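S.K.: There's a structure below that I have some questions on.
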Protein chains: 2
Amino acid sequence: MKFTLNKKDKKTAARRGTLVTPHGTIETPIFMPVGTHAAMKAMTPVQVKETGAQIILSNTYHLHLRPGEELVAKAGGLHSFMAWDGPILTDSGGFQVFSLPNKRITEEGAYFKHEVSGEEVFLDPARAIAIQEALGADIIMAFDECIPYPCDRKYAAKSTRKTLRWAEQCKKAQTRKDQALFGIVQGSVFEDLRAMCAKELVQMDFPGYAIGGVSVGEGLDLLKKVVEYTAPYLPENKPRYLMGVGLPEDILESVERGMDMFDCVIPTRYARSATLFTNRGKIRLTNRKYRRDFYPIEPNCTCYACRNFTRAYIHHLFNANEVLSAILASIHNVHFYLNMMAEIRRAIEEGRFADYKREFLESYLKGA
Amino acid sequence: MKFTLNKKDKKTAARRGTLVTPHGTIETPIFMPVGTHAAMKAMTPVQVKETGAQIILSNTYHLHLRPGEELVAKAGGLHSFMAWDGPILTDSGGFQVFSLPNKRITEEGAYFKHEVSGEEVFLDPARAIAIQEALGADIIMAFDECIPYPCDRKYAAKSTRKTLRWAEQCKKAQTRKDQALFGIVQGSVFEDLRAMCAKELVQMDFPGYAIGGVSVGEGLDLLKKVVEYTAPYLPENKPRYLMGVGLPEDILESVERGMDMFDCVIPTRYARSATLFTNRGKIRLTNRKYRRDFYPIEPNCTCYACRNFTRAYIHHLFNANEVLSAILASIHNVHFYLNMMAEIRRAIEEGRFADYKREFLESYLKGA
C-alpha cells in the first residue's frame, strides 16, 4: 500500500492524498460506507459504486460470528463473496466487543457470548488478525480496547497501555504482506495518553494510523479537541483514519484537523428512518409537509433517487412501508456523503478548504 | 392500443402477439410484475427493467387509499410518479375489495372501510374508471365483482350479471381515449356462465379481455378447465389477460389454452421468504444445505444476482436479515418469470411450444 500526499492546505491541517491498494486507488479525504454483514444495507454493490464509493468497510466481529471467516475464505475472500471489487477495510472487532453488555476483557483478550449460538467466544490480537487475513480486506485494523466514555484517568492509562501491547502482538501475528495493518490510537480524552499512544505506535511503524474511541459519545467539541492534539503526532506521509465518525460537520472539522479517512453507519441508518441529508440540513421525509412536495430530495443532487423521484413519492413509499423507500434514501444519503468528500478534495486542491467548510456549514446548519 | 397476432401454434391454442401501447410495445405472452403501491417490492425501476419487464401492474385500490389518485395525477400520472416509463396496467380494485373482511357489495358498488383513516369508502364502476383515468395507466380494467370460491350457481349467476352491468357502466364512464379498457369475464367455475359473460362482453366490444376469479383457490385443474372453456369465446384479434396467475406451471397451461397476459405477486412474495425459482424447481435458500453452496441460484441464469453472487452469500444475507437478500432474490425471481415468457414466445415462434412446455415441466417438477 502506497500513500502520497498531493497537497496540504495552507490555512488548516487539511490534506489531499492518494492511497493505492491492491483493489484500487482511493482519493483522500474519503468516507467509507459501512457494510456490516458483507453487504451494504438496502443497496447492491453496483448502486454503492454509483454513489461514488471508493472503499467500503465491513465488520470482523459480525463476519466472524456469521457466516464465519472460514466460509468467506472458501468463497475466495470478502471481495469475491460480496461482489465488491474495490478496496475494503475491516475493523478488528474491538469496538463491537466493547459495545457488548456481557463481555469480559482481560490482559489477553476479550470473552463474549456468541449472539447466535450462545457459546463463549474469545478474541485476542492474534485471532483478530487471523480472522482479518482470512477475510482478505485491503486494510485491516489492530485489535484494541475501546475505552468507554466518560472514563477515569487511571483506567484510561492502563487500557491504553494494553492497546499498545496488543498492537505489537497484532504486528507480530500478521503473515499476509498484501494487507495494510493500521494501528489505533486510544487514550480517551486525555491529551498526554493520546500523545503517548500515538508516539509508541509510530515507533512500531504502521502503514497507517487510526484514532479510535471518539465516536462513543463525547460530542463534537471533545472530538475536535482529541483530533486536534492527536493528529500532529501522526506521520505526515501515512493515512489517518478517524474511526466511526460521523455527521457531516464532524467530518469537516476533522478534515480541517488533518484526518483522511472516515466511516459511519449514519448515512444508511438515518436513511432507513427517513432522515435525508441535504445542503440545507437534514429533512425528515415522513413529515406531512412533504406529501405534495414534487421536488427531488436535494434539487442539485445527481444521485439516482434525486434524478428520478420526488419527495412526495419517497414520502409515499415510507408511508406504505415499501422497501424501495430505504433503497432510495440510502442511495441518496451515501451519495450525499461521498459528494461532500469529493467537494472537500476539490476545495483542498484549489486552496479554499476553509471557505468551502464555512459555506457548507452556513447553509447546512441554518437549514437544519 | 393495437394488438397484432403474429403466430398461432399449430398443436395448441398458444399465440404469439404484439401489443402497442402509448408507453411502448409489449410482446405476448407476457408476465406483468406487480408494483402494488406504485413501487415494485425491493426493486428500483431500473432493476425491474433489467429483468426484462415490459409492462408492470399497479393496484387501484391501494393507490386510491394512499397516496390518492389526485396526488398521483398532480405528479404527472403513475409513470412519472414512480419513474417507470414503460407500459402500466392498473386493476380496478374489484379483486382487492372482494378480499376485504368487512365489505358490503350492493347493486351499485362496494362499500368498505379505509384501512388507514377508518372512513367508509365507496367504489363503483364510474369511480373505478375515474380513479384509473387519474392514475393514467396504459391499460385499465373494468370494475367487477370477484366471486368467492366455492360459490353456488345461483349467486354466481346473479353476480356475473352484475359484473356485466358494471362493465357497461365502466365503458360509459370512460372519457380518456388513450387508455385501453379491458372487460373481465367472471362466472366462477360454471361453463355456461363464463360463456354467457364472455359473449356479452364481446358484444360490448372491448379492446382486450380478461378472465378473472381463477386465482382464488380453485387449483390448477379447475384453472385449466375455466381457461379452456372461456378462451374460445374471446375474439382472436384481442389480447387475453388471465388475472392473478400464477405459478410457472399455471402460466404454461394457460398459454397453451390461448392466454396472452399474466400477473402475480408470487415471484416477489416468494423471493422475500427465500423461495427461489430455478429450472429444477423451487429452492428454499434458507435451508442449511446452501450454507456452503458456491454456485449461483441458477447456474444458467443471466440476472444480476446470478451473475455476481452465490447461494452461500444470499443464504448468509437471509440469515443476517439483510435487505439485500430480498433485493437479489426478487431480481432473480422476476427475471426467471420474464425469461420463461421470452422462452415461451420463442418456442411459439419456432412452432415447438408443446415440446418446450413438456421439457420445462419435466425438469421443473422433477427438481421441486
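Yeah, the Cβs are placed from backbone N, Cα and C, and that goes for glycine too.
Heads up, TrEMBL stuff is auto-annotated, nobody curated it.
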S.K.: Kindly point out which candidate in B:H114, B:H316, B:H332 is recorded by TrEMBL as part of the Zn(2+) site with B:C301, B:C303, B:C306.
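M.R.: TrEMBL lists B:C301, B:C303, B:C306 binding Zn(2+), and from B:H114, B:H316, B:H332 it also lists B:H332.
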S.K.: In TrEMBL, the residues B:D91, B:S92, B:G93, B:G94, B:F95, B:D144, B:Q186 are said to bind substrate. Which of B:G68, B:G213, B:G219 is said to bind at that same site?
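M.R.: The candidate from B:G68, B:G213, B:G219 that TrEMBL ties to substrate along with B:D91, B:S92, B:G93, B:G94, B:F95, B:D144, B:Q186 is B:G213.
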S.K.: Pick from B:104-110, B:244-250, B:286-292, B:349-355: which stretch is listed in TrEMBL under region 'RNA binding'?
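M.R.: Based on what TrEMBL states, region 'RNA binding' spans B:244-250.
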S.K.: Among B:13-17, B:233-237, B:268-272, find the range that TrEMBL records as region 'RNA binding'.
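M.R.: It is B:268-272 that TrEMBL describes as region 'RNA binding'.
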S.K.: Of the recorded positions B:D91, B:G93, B:F95, B:D144, B:Q186, which sits closest to B:C301 (Zn(2+) binding site) by Cα distance?
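M.R.: Answer for the nearest of the recorded positions: B:D91.
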S.K.: What parts of the chain pack near the region 'RNA binding' (B:268-272), using Cβ distances under 8 Å and only residues at least 6 beyond its ends?
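M.R.: Distal contacts: 33-34, 40-43, 282, 326, 329-330, 332-334.
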S.K.: What Cα-Cα separation, expressed in whole Å, is found between B:G94 (substrate binding site) and B:C303 (Zn(2+) binding site)?
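M.R.: On Cα coordinates alone, these residues lie 34 Å apart.
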S.K.: Under a criterion of Cβ-Cβ distance under 8 Å and sequence separation of at least 6, what residues of the same chain contact B:C306 (Zn(2+) binding site)?
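M.R.: B:P296, B:I297, B:E298, B:P299, B:H332 - these are the non-local Cβ neighbours of B:C306 (Zn(2+) binding site), listed in sequence order.
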S.K.: Where's the emptiest Cβ shell within 10 Å among the binding-site residues B:G93, B:G94, B:G213?
M.R.: B:G93
S.K.: Counting across all protein chains shown, how many other Cβ atoms sit within 10 Å of the Cβ of B:F95 (substrate binding site)?
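M.R.: B:F95 (substrate binding site) is surrounded by 22 other Cβ atoms within 10 Å.
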S.K.: Looking only at B:S92, B:D144, B:D263, B:C301, B:H332, the recorded positions on record, which one has the least crowded Cβ, with the fewest other Cβ atoms within 10 Å?
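M.R.: With the recorded positions B:S92, B:D144, B:D263, B:C301, B:H332, fewest surrounding Cβ atoms within 10 Å: B:C301.
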S.K.: I'd like the number of other C-beta atoms within 10 A of the C-beta of B:D91 (active site, proton acceptor), please.
M.R.: 31
S.K.: Translate the DSSP assignment of B:C303 (Zn(2+) binding site) into the three-state scheme.
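M.R.: Coil, per DSSP.
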